[in-house]
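Student: Per TrEMBL, the features are:
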- A:1-33: region 'Disordered' (REGION)
- A:14-74: domain 'HTH tetR-type' (DOMAIN)
- A:19-33: compositional bias 'Basic and acidic residues' (COMPBIAS)
- A:37-56: DNA-binding region (DNA_BIND)
Protein chains: 2
Amino acid sequence: MSGKPSTRPGGRSARVQRSVHEAVRELEAEQGRDDLTVPRIAARAGVTPSTIYRRWGDLRELLADVAVQRLRPETPPDDLGSLRADLEHWAVAFLEEMSSPPGRAHIRDALAGDPDGDNAGRCSAYAVEQVETILARAAGRGEPAPGTDTVLDHLVAPMMYRILFRPGLLDPRYARELVTDLLDHFTTTP
Amino acid sequence: MSGKPSTRPGGRSARVQRSVHEAVRELEAEQGRDDLTVPRIAARAGVTPSTIYRRWGDLRELLADVAVQRLRPETPPDDLGSLRADLEHWAVAFLEEMSSPPGRAHIRDALAGDPDGDNAGRCSAYAVEQVETILARAAGRGEPAPGTDTVLDHLVAPMMYRILFRPGLLDPRYARELVTDLLDHFTTTP
């Protein structure tokens, strides 16, 4: 329903987005999410409720937009000198972050406000970006490596499936085992 | 929040569940889901709103319970005589059903009403049941096969991840390729 929020930095549009996102985060921290309403968010952000409805459509879409923003990685993945080490390190951190209670809540919000898959697609694009950084480094080192889609299918997807559908089955060892399976079975020389 | 709906057949509790679920499905078909409210559902089902609140907690939890019920497979997977054929057939049907607009809506509902993972866990349990039926047949035929968790990680999870996060990338060939990768890489003799 809602248009893609523009992110031209410095413009009025970007200022509105920043203050509304900040209002959501503050109110959520202060009062919990069950009491969030568009009028309260608007009052805190210093905009009119109709500004929010016009831009985001409804509360669910706004929460999805805020959630996706929070799932955005802040830094590129660490470079530990080998593909295996980079993937293991990244996967363990991804599993830990996404399976934490706030991580889960953000994933659920991103999926909920999402009849056409836009917000969830942005989450997946973040993972693609991180994986591609790791794979580009491996290529630079001349290491054999799987392709991006293979990493998504056999490393990211299993972790996300367990986080969403089988939350009892998660520990860092699981992430490492997936990396081992991935590199044992799906590696092709460059 | 809500307790697990009891399913003792024939009891009052089972009758209430049946009529409330039916009311949700009818009203959704007649008026679309955006107009669903607990009082309307209660009126159609012939129960009081407080019966619904007491049993399900809120509308979101009720919709999640209905969604999970609809995702329940009605029959065991077809037996086509070999593990590969059974898995391909089941995976293609799973992908088609879950990626359809109603399939997606039910998955989203199941995940939304789900702070503790109960409803999503029931969805996953359905997949486990179907996969285990297929694997038990393979064992009966003496075929080498992967384990249940491996099928979930490398066949079910990638399909579900694409359905939720990368909806552009789905066709029956994708399901078949995953089966090929799974059987090529993760098969152990019985």
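Any Cβ shown, glycine's included, is placed from N, Cα and C.
Those TrEMBL annotations? Automatic predictions, nothing curated.
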Student: Mean pLDDT across the domain 'HTH tetR-type' (A:14-74), rounded to an integer, is what?
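Tutor: So the average pLDDT across the domain 'HTH tetR-type' (A:14-74) works out to 91.
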Student: According to DSSP, how is the compositional bias 'Basic and acidic residues' (A:19-33) divided among helix, strand and coil residues?
Tutor: 14 helix, 0 strand, 1 coil
Student: Report the DSSP secondary-structure composition of the domain 'HTH tetR-type' (A:14-74) as helix, strand and coil residue counts.
Tutor: 50 helix, 0 strand, 11 coil
